[in-house]
Structures are given as structure tokens and as C-alpha cells.
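According to Swiss-Prot, the protein carries these features:
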type: REGION; residues: 133-156; note: region 'Disordered'
type: MOD_RES; residues: Gln151; note: N5-methylglutamine
Amino acid sequence: MKGLVGKKLGMTRIFTKDGISIPVTVIEIKANRVTQIKNLDSDGYLALQITTGTKKASRVNKPKAGHFAKANVEAGRGLWEFRVSEQDATVFLGHTFEVSMFKPGDIVDVTGKSKGKGFSGTVKRWNFRTQDASHGNSLSHRVPGSIGQNQTPGKVFKGKKMSGQLGNERVTIQNLEVVRVDVVREILLIKGGVPGAVGKDVIVKLAVKA
């Protein structure tokens with residue numbers, strides 16, 4: 001398997017032997033436990049479903065509790081799925097993947113849910129330029145301006161950049177470098193920033209474009 005699920009703990013910096021400061025994101029990756037193995041016969045594709053972390057038994061509904069019990073694993077805080085090859089699909093239920101799967105120098109893609117910033121205008125959301133502050137303009141400083149053309153086409157095209165929800169969406173940052181792997185504390189140090197707020201789940205995969 002080429003990916004793991006972890007929790008973003010925040011950012012810090014480390015120093016090289018030459019005294020160069022490197023900004024890093026700290027990601028805690030507890031053991032990822034296999035809860036289901038999907039195959040071509042029953043599901044039409046090969047994948048491993050995994051969970052990580054823990055969850056109070058009182059907060060797990062009966063279908064989920066039965067699903068975890070069938071795999072004989074402790075209930076985790078969520079379920080994630082990774083497409084795998086036939087060779088990787090030969091593991092057994094309850095098998096664990098550790099942070100030691102990565103090594104310093106690996107290039108990874110990190111996926112998470114970006115911080116929600118609420119309803120935002122076009123200047124903040126799409127980097128539109130503002131209109132004149134004066135010279136006859138008294139009401140239209142931060143408005144987007146015209147959103148259409150004329151009688152033809154007589155509509156606003158789908159995908160038009162307008163005001164709306166900013167953030168709170170799935171984002172992937174590609175080609176980040178693994179700087180350090182701490183197997184004892186189960187943490188990964190990745191150069192640069194990754195999507196999401198502190199404490200939120202992120203998916204770390206080996207880069208597809210490296």
C-alpha cells in the first residue's frame with residue numbers, strides 16, 4: 001500500500017547540520033488497521049479499507065460496530081480506502097501499516113480538508129482587483145462587475161467566478177518531501193504546509209508525479 005492516514009499536529013521548524021531552518025508540518029500516524037479487503041469478484045476493483053485511532057464504543061453505531069467486529073479490529077475514528085495492486089491485496093484483516101513505511105527523502109502528496117473561511121467575496125475568494133476608490137465611484141469598490149454578456153447568450157455560464165463559500169473543501173498538495181520519520185513517537189515531518197486545521201485527518205500518499 002502506498003498511503004497512510006494521520007492527524008495534523010501543527011507546524012514547527014528543524015535545523016540542518018549547516019544551520020539552515022526548514023519549516024515542517026508534524027503529522028501523527030498511528031497504526032492503520034485493515035478493516036476490509038475489496039476484490040474484483042465482489043467489488044469490481046482492488047482496494048484496502050483502513051481505520052486508525054480510537055472511538056468510544058458509545059459513539060459507534062451498530063452497523064459500524066458490526067463492521068469493525070467482523071474484521072476483529074478496534075473501532076477507529078473513520079474509514080478510508082486505498083486502491084492497491086494484487087500483491088498488496090494479499091494482506092489479512094487486522095493487518096497494520098506503520099509510519100515506518102515512509103523514509104526520509106520520500107516525495108509525497110498530502111490530502112486534507114482546507115480550513116473553512118465562510119462566505120467570501122470575489123476579491124478574497126478569486127483575487128479579483130478592486131475598482132476605483134474614488135473618481136466618481138461611490139458604491140462599487142469590491143463588487144465583481146458584470147457577470148454576463150448580452151441577449152446572446154442571455155445567461156450566466158456555469159463555473160463563473162462569484163462570491164460564495166471559501167475553503168472547507170478537499171485539497172491535495174503534491175510533491176512534498178519527507179524530512180524525518182520518528183517511529184517511536186509515530187510522527188512524520190513533512191517539509192512545508194499541508195491542508196487543514198490542527199487536529200484534522202490528512203492522507204499521505206507516495207507522489208504520483210515525482
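Backbone N, Cα and C atoms are what each Cβ position is placed from, and that goes for glycine too.
Below 8 angstroms of C-beta separation, residues 121-123, 162-163 of the same chain, each at least six residues beyond the ends of the region 'Disordered' (133-156), sit close to that stretch.
Helix, strand and coil counts under DSSP for the region 'Disordered' (133-156) come to 0 helix, 0 strand, 24 coil.
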